[in-house]
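Working notes, structure below.
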Amino acid sequence: MGSLWGGLDDVQADAGYDADHPPRMGFFTDTSVCIGCKACEVACKEWNDVPDDGYLLTGMSYDNTQELGASTWRHVAFVEKPAVDLGMPTVGPPRDADQSAASGDAGIRWLMSSDVCKHCTHAGCLDVCPTGALFRTEFGTVVVQPDVCNGCGYCVSACPYGVIDLRKDDGRAFKCTLCYDRLKDGQTPACAQACPTESIQFGELDELRERADRRLAELHERGVDVARLYGRDPEDGVGGDGAFFLLLDEPEVYGLPPDPVVPTRTLGSVWKHVGYAAAAVAGLGVAAFSGRRR
Amino acid sequence: MADPRTFLGWPLLRQVTGADRLGRGHAARSERSDRLTPRTASADRVVDSVCPFCAVGCAQKVFVKDGEVIQIEGNPASPISRGRLCPKGSASKQLVTSPTRVTKVRYRRPYATDWEDLDRDTAIDMIADRVVETRRKYWEWEADGPDGRRRTRRTLGIASLGGATLDNEENYLMKKLYTAMGAIQIENQARI
Amino acid sequence: MPGLGTSFGRGGATTNLQDLSNADCILIEGSNMAEAHPVGFQWVMEAKRRGATVIHVDPRFTRTSAVADQHVPIRAGSDIAFLGALVNHVLSNDLDFREYVVAYTNAANVIDEDFQDTEELEGLFSGYDPEAGQYDPITWRYRPPAEMTDQERQRAEELEDEERRDQEGSRHQESHQAARSESHGSGGAPVSWKGLRDETLQHPSCVFQILKRHYARYTPEMVRDVCGIEPEQFRRVADALTRNSGRERTTAFCYAVGWTQHSVGAQMIRTASILQLLLGNIGRPGGGIMALRGHASIQGSTDIPTLFNILPGYLPMPNAAHHQSLDAWVADDEGKAGFWGNVRSYAVSLLKSYWGDAATADNDFCFDYLPRVTGDHSTYTTVKAMIEGRCKGYFVVGENPAVGSSNGKMQRLGMANLDWLVVRDLQLIESATFWKDGPEIETGELVTERIGTEVFFLPAASHVEKAGSFTQTQRMLQWRDQAVAPPGDCQSELQFYFDLGRRIRARLAGSTDERDRPLLDLAWDYPLDAEGGPEPESVLREINGTGPDGAALSAYTELRADGSTACGCWIYCGVYADEANQARRRKPHWEQDQVAAEWGWVWPANRRILYNRASAAPDGTPWSERKRYVWWDAEARRWTGADVPDFVPDRAPDFVPEEGATGPDAIGGRDPFVMQTDGKAWLFAPLGLADGPMPTHYEPAESPVRNPLYGQQSNPTRKQVRSPANPLNPSWSEVYPYVFTTYRLTEHHTAGGMSRTLPYLTELQPEPFCEVSPRLAAERGLEHLGWATIVTSRTAIEARVIVTDRLRSLRLGDRFVEQIGLPYHWGGNGITTGDSPNDLVNLTLDPNVYIQDKVGTCDIRPGRRPRGPALPAYVADYRRRAGIPEAGEET
């Protein structure tokens with residue numbers, strides 16, 4: 001109980017939920033079928049009332065959202081890569097001498113991947129949150145509570161994926177809630193419901209892991225050797241992700257850390273932080289919250 | 001709702017007594033989180049609709065509360081879309097509730113440099129007058145052809161261009177009225 | 001679309017999106033389906049998951065290409081050369097599905113002995129009149145049967161008469177000008193006889209042999225030189241298609257406006273139709289041609305048209321040259337084999353629904369109340385009439401021609417020369433504000449204080465603020481319920497037009513002028529809803545039609561020509577069967593099979609796959625177990641299966657019509673194409689198309705390439721809108737050396753009024769840009785994210801530069817062709833703004849449907865465009881250098 005690293009069979013029990021808590025829910029994002037439509041980004045914003053994030057043409061392929069942040073809880077990455085012989089008959093045209101002579105390129109692969117908060121088994125953001133704003137839900141997901149968050153920002157640096165962030169004009173921290181409100185009502189999160197090609201799959205984490213294993217085997221069988229799972233392994237540096245991925249290249253290519261580690265793995269005790277938080281609450285907590293409500 | 005910020009409700013105090021020793025789970029849950037429900041659960045009604053963007057025809061569910069649209073999402077029952085929506089379909093609540101949407105008639109007088117207000121009733125009356133007048137002025141009973149004069153019974157003074165987000169019923173009434181008016185330059189996005 | 005209509009008898013998609021998942025191979029060409037129809041694309045991904053091969057042929061490597069098994073880069077506008085070569089590959093290697101081809105197509109028909117092919121005439125067919133730029137299709141006709149029936153003999157004599165008259169006058173040309181071919185939306189072109197057939201396919205003048213000769217020069221090497229596709233790439237596509245067609249397997253095609261919007265658009269679709277017929281893929285599960293429409297009800301807008309040349313159900317608008325009576329109006333089609341032969345009952349029923357009790361047998365059911373067309377009255381021609389001061393009032397309804405139509409300047413000049421303009425939309429779009437902030441105001445070409453157009457902007461109701469039906473891309477009507485009332489002054493079109501009609505009628509009440517009779521006699525009484533507008537379902541019920549007892553009809557076979565039935569759109573008859581709104585059916589898919597016949601309603605007769613009699617062999621048994629769909633139940637003596645059979649339900653496979661039979665009675669047991677007057681699908685179109693019986697590659701009107709196939713450079717029958725505001729770049733011009741093509745992004749919608757006004761969509765694609773290859777960037781010094789100016793003889797626009805490998809430099813023989821990609825969603829208004837690429841596009845139109853060619857030539861230079869009056873001067877300088885005569889200099 002109260003583990004900070006390593007595999008964990010029942011993350012909810014570890015967070016104090018009774019044995020009859022619901023199963024751990026998560027996302028399996030299969031990027032091999034992503035068409036980069038960004039429905040997930042919009043559906044998320046519509047549901048969660050997340051404000052727009054500015055109008056900037058970045059020139060980074062079709063990615064004008066750039067990264068996950070306080071006002072971007074789903075982010076579709078676009079990676080344009082020259083096609084090299086990866087033994088991948090299903091992606092992109094084959095290398096063709098004449099084509100390459102024609103345009104100085106040898107064909108292209110265009111990878112797309114919808115990124116999201118990983119809802120880690122060992123969540124750095126949650127572990128360092130001094131106010132109790134971040135908490136583990138009964139579904140095993142990690143959620144910031146806007147009525148509690150005071151914008152201290154500890155969580156921001158504690159996230160090994162760079163997911164959570166403070167919203168500038170608001171001050172508080174925001175990120176994907178895995179549509180906690182919808183889950184409570186037995187609904188599918190907005191992004192997964194919208195996803196046209198089932199690239200984003202929502203369900204019980206155990207079941208998703210099995211599904212992902214099957215999909216990986218199927219792709220390998222078809223010769224797509226580059227396919228690999230990311231965040232699937234319960235023994236990795238964050239104890240496995242609640243939201244994990246099937247990728248068609250190295251994680252770095254998609255802007256994902258190759259070997260994320262929860263910072264609290266090296267932390268002596270979180271009780272120190274709790275102490276800070278208690279002091280903060282007693283001293284200035286109430287003042288910090290007033291005037292931050294919309 | 002009790003103020004979740006009250007000191008006694010503070011999760012840090014709860015953690016020491018519950019099973020959630022680190023205060024990261026159950027004990028940290030605020031009252032807001034406890035009571036949280038999806039806003040669709042409070043809808044007065046759910047109305048079946050269809051996405052107005054492309055022609056796939058994705059089924060939508062429109063959630064209405066107090067006369068306002070509070071959410072539009074895909075309807076899983078559809079055999080075509082199976083509840084899914086693209087970014088445009090997902091943004092259709094914003095389409096309906098857009099703050100820049102114009103909900104008042106605007107009128108620009110000939111040679112004027114700006115809009116002015118006009119009540120809708122007057123505007124439609126004026127348009128009816130224009131139609132009657134233009135039709136009269138540009139009426140054509142016959143037109144020349146190689147075999148001589150031929151009956152045409154029409155006006156070439158009035159044209160129309162319709163978008164393809166109009167309903168069948170609307171297109172039907174439009175074509176019916178225009179045809180009775182004798183207007184033939186009736187066109188649609190389908191040609192564009 | 002006449003491409004589909006003349007091939008199969010109906011202009012709609014032959015299949016449905018869900019059925020794509022049953023395909024073994026899907027070829028997507030002329031469509032960027034993943035981006036433009038993402039949710040429909042789930043069925044392609046489903047097919048892929050089941051092992052299907054997905055091929056994307058497109059000038060650009062798009063989000064569709066990214067998940068396809070093969071992307072084939074192609075030069076924009078060269079699709080007929082590519083598809084024609086596939087036809088050649090199938091024919092010259094005997095890879096066609098012979099049994100299907102012989103039984104179900106006109107491959108065996110022998111063509112008139114005077115027919116001459118493009119092979120003989122350097123790219124022209126026989127019958128071309130160079131002065132008029134039109135064909136007389138008389139030599140394209142079927143050779144009459146050895147033994148003619150009395151009826152056929154009579155028709156032959158009539159034809160000879162007509163031919164004589166045509167040579168004296170120009171009646172024939174005018175029918176062409178009236179886009180008659182578009183009326184084959186549901187009912188094929190009427191041939192005079194089923195004709196002489198040689199089912200051994202050996203007769204040198206039979207369609208099969210003509211086709212073989214016509215496409216013989218469409219070789220893989222030619223494809224390389226025309227399209228920029230390497231023979232190896234071509235072979236991979238050819239193998240995938242032929243391997244996945246036949247008894248056991250089927251291939252589906254998907255296309256969109258990447259085919260439609262060309263000066264040979266209808267013929268591109270025709271080539272795909274020919275290929276699919278040769279491979280035996282029409283009317284079968286996992287096969288077909290999926291026409292992907294771009295707007296919520298674009299299919300509905302042609303079925304119940306607001307189009308100049310047709311009335312509801314693809315009945316032609318009467319033409320003053322031919323149709324001065326009801327009899328004359330229906331004469332061409334009446335009595336022909338197939339369901340189109342009952343055209344009189346459809347026409348009379350429409351007149352009854354328009355004019356109710358006033359329409360009687362004695363007055364030709366008010367036929368004379370219909371205005372007549374005399375030629376081309378399409379939108380671009382009408383805009384020209386506005387510029388020339390001949391058209392004075394204009395309704396723009398849910399449409400934004402200032403951005404969405406080609407040659408935007410012509411659109412704005414036209415609107416600036418009106419007496420009055422009514423714009424109905426959700427937002428203040430550019431077409432409503434051009435008089436104060438249009439591009440011509442900036443350049444000084446227009447001055448606000450000198451624009452006399454009176455503008456009414458009326459706010460429209462959104463899709464959730466009104467009830468009604470859309471017809472989506474697979475011909476399905478789906479009903480929307482009303483969720484909330486429209487805010488403020490907002491109204492639906494239904495409310496507005498009903499109200500406008502009432503007010504116009506009130507103004508004319510008491511008029512004795514014959515001119516006003518059609519308005520005063522109009523059946524314009526509808527039950528009112530809570531907001532005082534017509535009850536939308538009552539309008540749908542009128543569209544559906546009612547019988548002598550006033551009850552809703554359930555099928556168009558119930559329509560009568562004696563005035564006892566009324567029907568607003570015969571192909572929609574049945575949508576209100578049993579007095580119930582069938583379009584409102586919403587039985588969840590998990591309670592049905594994949595056909596899901598109880599979700600919405602599909603025309604015709606709720607058939608989900610058209611021509612599905614062809615899913616069975618001539619003897620009525622399924623071609624294979626794997627592709628079983630509709631078949632003949634010999635015991636019950638009925639057609640049966642997963643779908644509503646698209647056939648006379650009890651017509652046995654061995655049925656041979658009696659001599660002299662007409663209409664549906666003349667459909668043979670092996671004639672699956674029941675809307676065609678000969679029951680066969682057309683590999684060769686003996687009539688119905690303005691630009692030839694077989695698709696032929698012509699270059700776009702603006703092209704950097706000399707047509708390698710024929711001396712004839714461009715479609716000889718293309719329609720060029722002649723106006724000083726519509727100059728054309730000369731072909732092969734070094735001043736305009738590059739190709740541009742316009743397209744959509746997933747994140748936006750058409751002219752942008754519904755997307756760049758929304759923050760959530762705008763932030764995803766916040767600015768107009770142009771996509772160029774690295775080679776072109778180097779050649780012209782373009783920097784990634786820098787500015788570029790793109791110039792045609794119409795105007796110049798600016799956009800940010802995206803340099804990407806997704807744009808290929810294509811090698812054609814010893815030269816390169818560079819293509820510039822231009823998403824066209826922006827204009828002067830909205831959250832983010834920019835120049836509109838449609839301002840660059842010239843108006844050269846497909847002669848069948850008058851749709852513009854979206855491909856053109858241009859120059860591109862680094863940096864922003866000149867501002868103010870310097871812009872037209874800059875463009876004029878380009879014209880001068882290209883040798884384009886200025887207005888007034890034209891000969």
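Cβ atoms are placed via backbone N, Cα and C, with glycine included.
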Open item on the list: Among A:C129, A:C176, which residue shares the [4Fe-4S] cluster 4 site with A:C149, A:C152, A:C155 according to TrEMBL?
Closed with: A:C129
Task: Same [4Fe-4S] cluster 2 site per TrEMBL - residue from A:C44, A:C120, A:C125 joining A:C176, A:C179, A:C191 - done: A:C44
Task: Where A:C179 ([4Fe-4S] cluster 2 binding site) sits in the secondary structure, as DSSP reduces it to three classes - done: coil
- [ ] Starting from the Cα of A:C191 ([4Fe-4S] cluster 2 binding site), work out which of the binding-site residues (A:C120, A:C125, A:C152, A:C155) are within 10 Å.
- [x] none
Open item on the list: Give me the CA-CA distance between A:C152 ([4Fe-4S] cluster 4 binding site) and A:C179 ([4Fe-4S] cluster 2 binding site), in Å, as a whole number.
Closed with: 23
Open item on the list: Just to verify a number: CA distance, A:C34 ([4Fe-4S] cluster 1 binding site) to A:C155 ([4Fe-4S] cluster 4 binding site), in angstrom, no decimals.
Closed with: 30
Task: Against chain B, in sequence order - binding-site residues A:C34, A:C117, A:C155, A:C191 with Cβ under 8 Å - done: none
Task: Shell list ([4Fe-4S] cluster 3; ref centroid = CB of A:C117, A:C120, A:C125, A:C159; cutoff 8 A) - done: A:K118, A:H119, A:A123, A:G124, A:L126, A:V142, A:C155, A:A158, A:P160, A:Y161, A:V163, A:I164, A:K175
Open item on the list: Most Cβ neighbours within 10 Å: which of the binding-site residues A:C40, A:C120, A:C176, A:C195 is it?
Closed with: A:C195
Task: Filtered A:C40, A:C120, A:C176 - binding-site residues with C-beta under 8 A from chain C - done: none
- [ ] By DSSP assignment, list the helix, strand and coil residue numbers for the domain '4Fe-4S ferredoxin-type' (A:140-169), in that order.
- [x] 5 helix, 5 strand, 20 coil
- [ ] Can you figure out which of A:C37, A:C149, A:C155, A:C176, A:C195 (the binding-site residues) comes closest in space to A:C125 ([4Fe-4S] cluster 3 binding site), comparing Cα atoms?
- [x] A:C155
Open item on the list: Please list, in sequence order, every residue of the chain apart from A:C44, A:C176, A:C179, A:C191 whose Cβ lies within 8 Å of the Cβ centroid of the [4Fe-4S] cluster 2 site.
Closed with: A:C40, A:A43, A:W47, A:N48, A:W73, A:R74, A:V116, A:T177, A:L178, A:P189, A:A190, A:A192
TODO: Compare the Cα of A:C159 ([4Fe-4S] cluster 3 binding site) against each of the binding-site residues A:C40, A:C44, A:C149, A:C195 and report the nearest.
DONE: A:C149
Open item on the list: Using CB atoms and a 10 A radius, I'd like the single residue among the binding-site residues A:C125, A:C129, A:C155, A:C159 with the highest neighbour count.
Closed with: A:C129
Open item on the list: Within its own chain, what residues at least 6 apart in sequence put their Cβ under 8 Å from the Cβ of A:C117 ([4Fe-4S] cluster 3 binding site), listed in sequence order?
Closed with: A:L68, A:W73, A:V142, A:Y161, A:V163, A:I164, A:K175, A:C176, A:L178, A:A243
